[in-house]
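Chemist: Structure in C-alpha cells, see below.
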Amino acid sequence: MSSIEEKNTKSSIKDANKVIDGNPPHAYKKANSFFENKLGTLSVYDIIISTLIITIFPYYLLNMSDLSFTRDVNTQEAKLLDLINHYKKNEFILSFTGPYTCYILSHLFAYNLRYVSLVFGTGILLNIYLILRRSNIDLVFSTIPIITIGHLPLFQELSSEISVDPIFIYFLTLVIFFWNTLRIQNIYATFKIARLSFVLSILIGLLMSTKFIGFMTWLWIMIISVLQFWNLISDVTLSTGRIIKVTMAKFSFLFTIPLIVFNVMEYEQLRSWKIDSPEYSQYMSSVFQTYLRGVEQVPTTVNYGAVIRIRHLNSLGGYLTSHNETYPGGSRDQLITVSDIEDTEWNKWILEPSERSDINEDINESHHVVLRHKVTGKLLRVSSAKPPISEQEYDKEVSCTGDSEYAGNRDEYWRLETTKLHEPLRNNLKIQLRNIGQNCQLLSHDIRLTSEWGKNEQEVLCVEPATQQFSTWEVIVVEQSPLKKDTKFESFGIDKSTLSIADKDSWKLIIEVLRRQFRYDYFVKNYKLKDMKITQWPFILNDNPFIIHCWFSSIVAIAVYIGWVSIQCIKINPWDDDSENNKLSTPSTLIFNETTFECFIGWLLHYIIFSKAKHDNLGLVAYLPSYIFGEILFGYLIYSLYNWKHVTLTVWVVYLSILVYRVRM
C-alpha cells in the first residue's frame, strides 16, 4: 500500500470515529455520536459476569463471612420494625424515612428481611457493573469497583441486616444506570427516549419516597439534564423540530413525574393513617390532630375560668409547662419550660381576670389576665432575673410564684395580643403574650435546660423586642368555664372522609408531615446524640491495606479528578488556535469527560447536604450515596490510566505505597 493510500485509510477511520465536527471557533459535538459509535453496548460476556455477580456475593455472605442472618435485632433494626408494624396497622407515626420504604417492607414482612437486604445489596453490585459497561468501560475494569464495594465491611453489614439503605442505594444505582442508558440512545428514536425517560422519572420518584436525600439525586439529574440539553442545541445539524421532540420526550418527564410520584406516595400514606398514636400525634398541629382523632366541637369564645393549654407554634410539641421544681438560681421560683408532652396536667392553665370582672365577658387583648397553673395554683410571672441558660442582660426569667390564694400584681399580669385589635379570645387563636410589669413578650427557642434540674426541656424567657417566629403561641381550650351557661360551639378540624387528592387541605397536611418529620428527627431523636463528623466520613483507615483501599479509593478518585480538571484549566489558551488545542475528541474521551463530571457532581451534592444538618448524630452509612459515586468515578479513572500506558505503572506503585504507609503509621 502506498503512503498516499495509507494516509487516506487513516483519515477515513478518523472521520468515522470523530464526535466533534466543524472548524474552530464553530466546532460542535455531534448529538448522536455515542449511538453511531456503538458505545456502551452489552454483549453475551456481560450476561456471564452478571450471573457471577449475583451468585458469588450472596454465596460469600451466606457461607464464608462471619455475618449471621439469624442474629438478634439491634437498635436500628428494632426502630425499623416498629415503623413497619405501625404502617401495617395503619397507625400514625413520624418516620425517619419515606413512605415507599414502608410500603415495600410491609409487603415483605412475612420473610426474613435480612435476606431482602441481601437481594438489594446484590442488585447494587450488578447495577454498578452495568453502569460502568454503559459508560464504555472494559469488562475487566468494570469488575474492580464491584470487588471493592463488595469487600467493604460496611456494605456487607448493610446487606445482612434489616435496613432502609440497601433499598435506597439500589434505586440510586438503578437511576444512574438508566441515565447512562439514555445517554447512548439514538437521538432520532423519540419513542424509545420517551419510554426510558418515563421509567427513569418513576425511579427517581420512588427514590425520593424511599429516603428524602433522594431529592438531591433529582437535583443531580436536573443539573446534568440541563448540561446535556446545552450539548444538544449546539449540534447545528439538528432541526428545531427534532430538538423540541427530544426535549419534550426526555426532560418534560424528568422535571415533573418524580414530584408527582412523591406526592402520590405521601398522599397514600396520609390516607392510610386510620388510628391515632398519641406519642407521635402530640407533635402535630391541632388541625392535624383532628384529622386523626375526628372533628372537634369547640367554643366560639373563651371566657374566664376556662382551662387552656398554651402551645408554642415554632416548637415541635411546644406546650407551656410548669414543674414542681425550682430554678437553681435567679428568682428560685417554680420552673417554667416548653415540653413536648401533650397529655399531662402540668401544662394546663386557668384563665383568670387580673381584677374583678364579669365571668361571662369575652376576653380580648384590651384585658389584663393572669394564668394560674392548675396543678400547683401558682401564677405565671416575669422577674428581672436573668434566664438560667441564655443569661443575657436584656432577657428576663419566666417562672411561677405565689399559691392558690395569691391574686398577683403587674409582674403576673398578661395581655393576649392578637392580629386584630379587640378580637375575642377563641380556641386555636394565635397570640403573643405580653407581660405588663416587665413590658416584654413571652418566647421560647431551641435552647434546652439541663437534665439535672430542667428535664432537657426548652427554655422559656421574656424579651423585648421579641422575634414573632419565637413569640407566637396558640390557645387550646381543654375545659370551658363551668360558670358559662350559654356557651356556643362550632366545628373545628378536617374531616378525613371528605378529603381528596385535589383538596388543598391534603397538601397542607402533607407539608406539615414533612416539616414535622425533620423537626422530630432533630428535637426528639438526635438533639443530644453525636456520631462521627461528616468531615471524617471519607477518611476511614484500617489495619488491612485492602480495606483501606475499599474505602479510601472513593475519595482518592475525587481528589485525582479535581487535580486533573485543574491541570486542564491551566492548559487552556483561548488565543491559541493551533491543531493541538482544537484536535478532534474520540468517543471514549468525550464519554469519559461527561461521566466523570457527572460522578463528581453526584458525589458533591449527596455529601454537602449533610453539612446543613442541625445535629451531629449522622452515621457513616449516610456517606454511602457519595461513596458509590466516588467508586464509579474510580472505575472510570483506572480505565483511563490503563489507556494512558506510559504512567500507569508509576501511578499504581505510588497509590499502593501510600496504602501500605498509612497502615504502618
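A Cβ is built for glycine as well, from the same backbone N, Cα and C atoms used for every other residue.
All TrEMBL annotations are machine predictions without curation.
Annotations per TrEMBL:
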{"type": "DOMAIN", "residues": "299-354", "note": "domain 'MIR'"}
{"type": "DOMAIN", "residues": "360-419", "note": "domain 'MIR'"}
{"type": "TRANSMEM", "residues": "42-62", "note": "transmembrane segment"}
{"type": "TRANSMEM", "residues": "115-132", "note": "transmembrane segment"}
{"type": "TRANSMEM", "residues": "139-155", "note": "transmembrane segment"}
{"type": "TRANSMEM", "residues": "167-184", "note": "transmembrane segment"}
{"type": "TRANSMEM", "residues": "196-223", "note": "transmembrane segment"}
{"type": "TRANSMEM", "residues": "243-265", "note": "transmembrane segment"}
{"type": "TRANSMEM", "residues": "546-567", "note": "transmembrane segment"}
{"type": "TRANSMEM", "residues": "587-608", "note": "transmembrane segment"}
{"type": "TRANSMEM", "residues": "620-638", "note": "transmembrane segment"}
{"type": "TRANSMEM", "residues": "644-663", "note": "transmembrane segment"}
Chemist: Residues sitting near the transmembrane segment (167-184): Cβ under 8 Å, six or more positions beyond its termini, same chain?
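Modeler: Residues 34-35, 39-41, 101, 104-105, 117, 120-121, 123-124, 127-128, 130-131, 134-135, 193, 196-197, 199-200, 203-204, 206-207, 210-211, 213-214, 217, 221, 224, 228, 250, 591, 594-595, 598, 602, 624-625, 628, 632.
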Chemist: Going by DSSP, how much of the domain 'MIR' (360-419) is helix, how much is strand and how much is coil, in residues?
Modeler: 3 helix, 21 strand, 36 coil
Chemist: Using a Cβ distance cut-off of under 8 Å, indicate which of 115-132, 196-223, 546-567, 587-608, 620-638 has the most pairs with the transmembrane segment (139-155).
Modeler: 620-638
Chemist: Name the range, of those listed as 115-132, 546-567, 620-638, that has the largest tally of Cβ pairs under 8 Å with the transmembrane segment (196-223).
Modeler: 620-638
Chemist: At a C-beta cut-off of under 8 Å, are there same-chain residues at least 6 beyond the transmembrane segment (115-132) that contact it? List them, or none.
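Modeler: Sequence-remote neighbours of the transmembrane segment (115-132) are 42, 46, 49-50, 53-54, 57-58, 61-62, 69, 105, 108, 141-143, 145-146, 149-150, 155-156, 158-163, 166-167, 169-170, 173-174, 176-177, 180, 628, 631-632, 635-636.
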Chemist: Sort out the residues at least 6 away from either end of the transmembrane segment (620-638), same chain, that have Cβ-Cβ distances under 8 Å to it, and list them.
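Modeler: Counting only partners 6 or more residues beyond its ends, the transmembrane segment (620-638) has Cβ contacts under 8 Å with 124, 128, 131-132, 135, 137, 141-142, 144-145, 148-149, 154-155, 158, 163, 165, 168-169, 172-173, 176, 213, 216-217, 531-532, 534, 537-538, 540, 551, 553-558, 560-561, 592, 595-596, 599-600, 602-604, 606-607, 610.
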Chemist: State the residues, same chain only, that lie 6 or more residues beyond the ends of the transmembrane segment (587-608) and have a CB under 8 A from a CB inside it; answer 'none' if no residue qualifies.
Modeler: 17, 19-20, 29, 33-34, 37, 39-40, 135-136, 176, 179-180, 183, 213, 216-217, 219-220, 223-224, 534, 537, 554, 558, 561-562, 623, 625-626, 629-630, 632-633, 636-637, 640, 643
